[in-house]
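S.K.: Could you have a look at this structure, given as structure tokens, before my questions?
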Amino acid sequence: RMFHDDELEESEKFYVGQPRVLLLIYALYNTLVARSEMVCYFVIILNHMISASVITLVLPILIFLWAMLSVPRPSKRFWMTAIVYTEVAIVIKYFFQFGFFPWNKYVDYTKDKPYHPPNIIGIEKKEGYVHYDLVQLLALFFHRSILKCHGLWDEDEKGDSSSNKDDTDDELSLPGGRRDSSASLKSVNLAASVESIHVHFPEQQTAIRRKSSSSVSQLSHRSSFSSHRSKRGKYRGIYGVVKSHCDLCCFRTLQVYVPIRQFFYNLIHPDYSAVTDVYVLMFLADTVDFIIIVFGFWAFGKHSAAADITSSLSEDQVPEAFLVMVLIQFGTMVVDRALYLKKTVMGKVIFQVILVFGIHFWMFFILPGVTERKFSQNTVAQLWYFVKCVYFGLSAYQIRCGYPTRVLGNFLTKSYNYVNLFLFQGFRLVPFLTELRAVMDWVWTDTTLSLSSWICVEDIYAHIFILKCWRESEKRYPQPRGQKKKKVVKYGMGGMIIVLLICIVWFPLLFMSLIKSVAGITNKPLDVSITITLGGYQPIFTMSAQQSQLKDLNQTGFNAFLGSYRGNTAALQFLEGYGKEDITLADLEGNSNSLWTISPPSREKMIQGLLDFSAEFTVVLSWSIQRTLERVYPYYIKAPSDSLAKPIKQLLSGMYCGWENITVSLVKNVSDEGVREWWVLNQLGKRYKTSEESLELFVFSDKVSPPSLGFLAGYGIMGLYASVVLVIGKFVREFFSGISHSIMFEELPNVDRILKLCTDIFLVRETGELELEEDLYAKLIFLYRSPETMIKWTREKT
């Protein structure tokens, strides 16, 4: 050993001998210390998510546009700004908690209003108004202590003091007093490292300086303009004051502008660049946000908290809020892909600034007005914003490190194993994703290939990558020659495929059978109406049964009902799918609920039709639709999940006929108000005997599928077969058929040379060798046109 210390060795032994729980706590603390700045960022963002006010909005924006863009780390000035700003925010919130402010007298009324000014600013009175601010301040002081322990707190101060000699802070001194009067112009260097841009300010000349000056140039200057001073002497004092104020305003503006300009200039033109590539992580963050929008779109709209995307789409309605959020999210993903392919850091910086301000303005000022609820009460929007903050952090890291020089292939094609293979194939199965990526890459990448040639190279590369993965897996898990396949492989892979195919074939039948019998919901009728019409004339009877007139069968009545159909196979088979909770007995009163209003000519014509026994006279009974019946009154009606109700033929045929006879009588009431007529109907064969004139009707209600699965059950068995079995079967058939036509492209023992040729095409394209790109592409096409050359190129290396 080069160095040995007994105390350190004893300390190490003591540390290793600690319990695992304590070691875990040590490790978590060390992780916390190593990433203390990330803890501060997280607490600041969390505070803003919960508070959602203008006061807490400043620090998150400074994080994404200042702290995370600083190289190599945020300066002491940022942390001091965050600490002081948090302390001031705590004092301001505390000050406005007193009850003498007018808006604090109606807190219960205004606390949920998103556009109430105190709520927007963050000075409303509430419980725990400062808890998260104190946690934020604690995290900031914790990070400050960590920096001090490592000697990094005063490092920026020393660097600033040495660099400020050439910086703008020393050059931008107040005009008019600290330099010699002969130095009438002062130079401001805006970008000393790259270019010199000088801004000149004339010195402020007061009356005292002019009198005390003895310079010859100034004497000659005064003598040449003595006549003008005599005429405009009274205006000179006013002009000097105004001019000095203008110079001071320009000076203050430049004091703010110059450091910001220099910061972003150094960011875009760094002296050194630690190139990295986090586009994949940014894409995943955007994808998660996209999924949140799709499954939680109701959180971004008005009066749609109880809606879901499947019900809205099933009604052929696309919510506007959902459409806007999806298009914005998708548009930002496209722009981000374009910037990544063009490798333009300046464009990424501009996009970052626009996106940070735009997202914060939308989420905290526009969205609360659209949804009519505060951001802090919108959980889905908070989750979306947090994932977007992760994206902002990754974007800032990408800007700070710079884009990679070369973008070669798909990120899933970096390794040749089963994980990359299945992920890559899943990536290619997403509709239009592969095509969209290929077209975007062609648009924003310098190339001489046409779009069809580009797609051809991409397809060959994808095919060769898949073959490379299979060949590598064969090398890792070799199969000895002449030995049969193991049962584990046969039953594992083959058995899984068999079960999968069987499930696909029988899934619609199984689904439609179980969806209503197991998970079905009883859909009882709310209203049962009967209308009877004679020969197309004015309806003679209308009656409805509601609420108490709709009765449920008890278990005894249901058993007796089943017993009455013992021996009727068709009826029992029909009743097998219903329980007592699915049957409703409608008790309709015999007296029509409306007067019979018919004109005298129609009345006479109807009487003649009834007296003529040789002519047909139809009786139309309608319950949901009008239908001409051979018999009079159906005792049992089936109410399916759709709107069409119909008689149950299984219960209305045979010896247990359910068609019942009814008596129809016209009641005439003569009074001083005139003659009033209405019809009275009475059912003769009623199961539940009543002395009054009435009608009984058994309604069998079909179970309906749950709302979450209704969009699948709505297609029916044939619809599910067409959409599931036939579509999936088409893909499976392509896997099992047509293999003979692709043998020369599939059975390639060694694809390393072809894979290297594709990689060379990507490489020369990135380096700008476009003529060489054409030559390599022609070589690739010739290779696929020549089977003999393909055989030579894909032989195993000996």
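Cβ atoms are placed via backbone N, Cα and C, with glycine included.
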S.K.: Tell me which range among 245-261, 415-431 TrEMBL lists as transmembrane segment.
M.R.: 415-431
S.K.: Can you give the mean pLDDT for the domain 'Piezo non-specific cation channel cap' (628-796), rounded to a whole number?
M.R.: 74
S.K.: Which of 14-32, 278-301, 349-371 has the most Cβ pairs closer than 8 Å to the transmembrane segment (383-403)?
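M.R.: By the under-8 Å Cβ criterion, the transmembrane segment (383-403) pairs most with 278-301.
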S.K.: Can you break down the domain 'Piezo transmembrane helical unit' (34-154) into helix, strand and coil residue counts using DSSP?
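M.R.: Going through the domain 'Piezo transmembrane helical unit' (34-154) residue by residue, I get 84 helix, 0 strand, 37 coil.
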S.K.: Report, as numbers and ranges, which residues of the same chain sit near the transmembrane segment (78-96): CB under 8 Å and 6 or more residues beyond its ends.
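M.R.: Contacts of the transmembrane segment (78-96) (Cβ under 8 Å, skipping residues fewer than 6 from its ends): 40, 44, 55-56, 58-59, 62, 66-67, 70, 104, 118, 122-125, 129-130, 133-134, 136-137, 140-141, 143-144, 147.
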S.K.: With the transmembrane segment (415-431) as the reference, find which of 39-66, 278-301, 321-340, 451-470 contributes the most Cβ pairs under 8 Å.
M.R.: 451-470
S.K.: Count, for each of 39-66, 278-301, 321-340, the Cβ pairs lying under 8 Å from the transmembrane segment (349-371), and report the range with the highest count.
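M.R.: Stretch with the highest Cβ contact count: 39-66.
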